[in-house]
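What follows is one structure encoded as structure tokens, with my remarks underneath.
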Amino acid sequence: MTAHSKKSNTWRAAAIAAGAMSAVLLLSGCTGAAAGSSSSDQGTTALSVGYVPKMLANPYFDQAGVGAEEAVKELNGDYVAVGPQVGAADAQVPFINTLAQQGRNGIILSASDPSALGQALTTAREAGTKVVTFDSDVEPEYRDLFVSPVPDMSLSKAMVDVMIEQIGEEGKIAILGASPNAKNQNAWISGIEKDIADSHPGIEIVEKFYGNDDDQESFDKTAAALQKTPGLSGIISTSTVGTASAARYISSSSFAGNVALTGIGMPNATKAYLEDGTIKKFVLFDPADMGRVGAYAIRALLDGDITGKAGDTFTAGDLGEYTVEEGGIVQAGEPIVFDLENIDQYNF
Amino acid sequence: MTEVAFTASATSGTRTYLTHALPLWRRTLLTHEAMIILSVVVVSIIAAASIPRFATPLTLSYLLLDVTPILLCALPVTLILVSGEIDLSVASAVGFSNVVIGWLFAEGVPIQGAILAGVLSGLLVGLVNGFLVAVLQLPSLAVTIGTLALFRGISIGILGTDSITNFPVELKSLANANVPGTGFPLVMFAVLVAIVLFAVMLHFTPFGRSVYATGQGIDTARFSGVRTVRVKFTLFLLSGLLAGLVGAYYTFRYGSARGDNAAGLELAVIAGVVLGGVSIFGGRGRIVGVVAGVLLIGLVQSVLRFMNYSSDVINIAVGGLLVVSVAVPLAFTAITQTVAHARRKTSTPMRAEESQHRKGK
């Protein structure tokens, strides 16, 4: 209210603010200039990779980034991790555009949307940037390769095996999923159904319910499912959020000790329930493997060793040799079963 | 800035005092708006000179494409802020329009019909806001926070976790196309037309003056014959209409309709408007400043991304810029007024124009 009339002072203040900002940009501009153009001793073009997770400050994507950074360093390349704070469809677009403009020759990306990034990725690839997606794919025409964490079927099988270890070959179980529409959820759940139908005829899946990767919703749906289905022997959760929420409900209810719970889980978020005995074992993979394989795949694409077609093979450092599957897909690793013995080796 | 409306009526007869306290060049060049424009120029020059690969047509193209939705939403929101109200629901209106287009298109409605329905959906949000704020006279802050949540919820309810993506390729390429051989997106012609229309509306029409009058004091405005209800209602309708159009543009720019599209856009819009010198208390602000404010935010974001900073650092920079642009002029005014007060007490008599200036308050 007081500031409206004194223009002569307002401009002076704004001028100082603008000057200060210019100085900051000038200083940091000098340091930023070096990034895009580091040379290396690799015979061909130097590797320069941008890592774009769905969102920053997420333990899962941080762990994948650790793998990508290590591999890029092993290849004497330049590595930068950039990205948005939220998983909105368009939030990654400016970052991809910038990486392409900087002339980076590789992008490792987990896409928030299968098609919203299409135009940005196409422009980048036309300029010679190799695009490798991991964890969440885009439409195949927008990328060179997709690095899948593990074969879907092996993850489903690992979850079923852990459950059978606990409840035996007889019993009724339920499945807690993230959402009925997500591609990877459907693949994992149908994998579980197939494995049980093929190899464990004594097990009956009596219920499937979805918690939308939401803590409270998963908690409430678990409570409802257990109360309306008497005699349930176990729950398999294909949602990492759901596993922790279901454990939180079970550990504090009368079902504690009577219902077996397993599924996929994040080690740090699930550790407490291993320690209190609600969960005996759970399954996941090491996200860092996806980052490592992605970085080596970009090197192989740049060198022309592979083009992304089925049957191409490349070596990813210590991880060994990988073969591209139908649809330009590479499987980064195998499921890891976590229990009290090995949980302390992982931090994500 | 705002005195113009009053001095216009005082031109008849002989005056014994100056029309303006300051000469023309100081009034036009040494303003908040001019400083923001200067910042845009200075930052552009420094960035182009010091960052490799920055000065390309592609940078311009991406920058303009990225600020287009923010700029289009900021134009009506500027008028709403000048009138003393606020609209926080623009991003939800954009998202609602986007989802309606995607949903109808997926249901088999022709794309023209879907676009029309999308624009009308935006207008519907404006209608609801306008009715609650202008007619029922509820506080716009509370109303538009409510409609922000309401229409976002409806959008997510319509599509769930689905994402509609199979939009016509021609429309998608049109939304991303540049004038051949340049980095100037075609959509900017529409944006320029919108900027001119809103600038004329706010600065050169009776309606624009009634917007300022409403923002400077709604009771005075009403007693002076301004139809304040109609002014506010029109502004919210305009905001909804523009948000509906942006929703359509957004759909083809990204080729995607999702429940969470454009979430958080309202903060970028409000930041651009306030950085452009529009007072959150109403009655003050100019379109040119808002255009420069939005461009400055887009430019700073672009520069920081080029220097490999992530969104957390970028948000800190934009937030800092906003706080500085609001706080520093206020602080300096307070300091200089204290100094002037002390000086007046001790000796020097006031200059004539300065005393006139003070009486005007």
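Glycine residues also receive a Cβ, built from the backbone N, Cα and C atoms like all the rest.
Per TrEMBL, the features are as follows:
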- B:34-54: transmembrane segment (TRANSMEM)
- B:60-81: transmembrane segment (TRANSMEM)
- B:88-105: transmembrane segment (TRANSMEM)
- B:111-134: transmembrane segment (TRANSMEM)
- B:141-161: transmembrane segment (TRANSMEM)
- B:181-202: transmembrane segment (TRANSMEM)
- B:231-250: transmembrane segment (TRANSMEM)
- B:262-281: transmembrane segment (TRANSMEM)
- B:288-307: transmembrane segment (TRANSMEM)
- B:313-335: transmembrane segment (TRANSMEM)
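Contact check: the transmembrane segment (B:313-335) against the transmembrane segment (B:262-281) gives at least three Cβ pairs closer than 8 Å, residues 6 or more apart, which meets the contact criterion.
Sequence-distant contacts of the transmembrane segment (B:88-105) (same chain, six or more residues past either end, CB-CB distance under 8 Å): 69, 73, 77, 111, 113-115, 117-119, 121-122, 125-126, 129, 141, 144-145, 147-152, 154-155, 158-159, 164, 167, 239-240, 243-248, 250-251, 256-266, 269-270.
For the transmembrane segment (B:262-281), the residues of the chain that approach it from at least six positions outside its boundaries are 31-33, 36, 69-71, 73-74, 77-78, 81-82, 84, 86-92, 94-95, 98, 148, 152, 215, 246-247, 250, 289-294, 296-297, 318-319, 321-322, 325-326, judged by C-beta separation under 8 angstroms. With a cut-off of 8 Å between Cβ atoms, the residues of this chain six or more beyond the transmembrane segment (B:34-54) that come close are 28, 275-277, 288-289, 292-293, 295-296, 299-300, 302-303, 306-307, 325.
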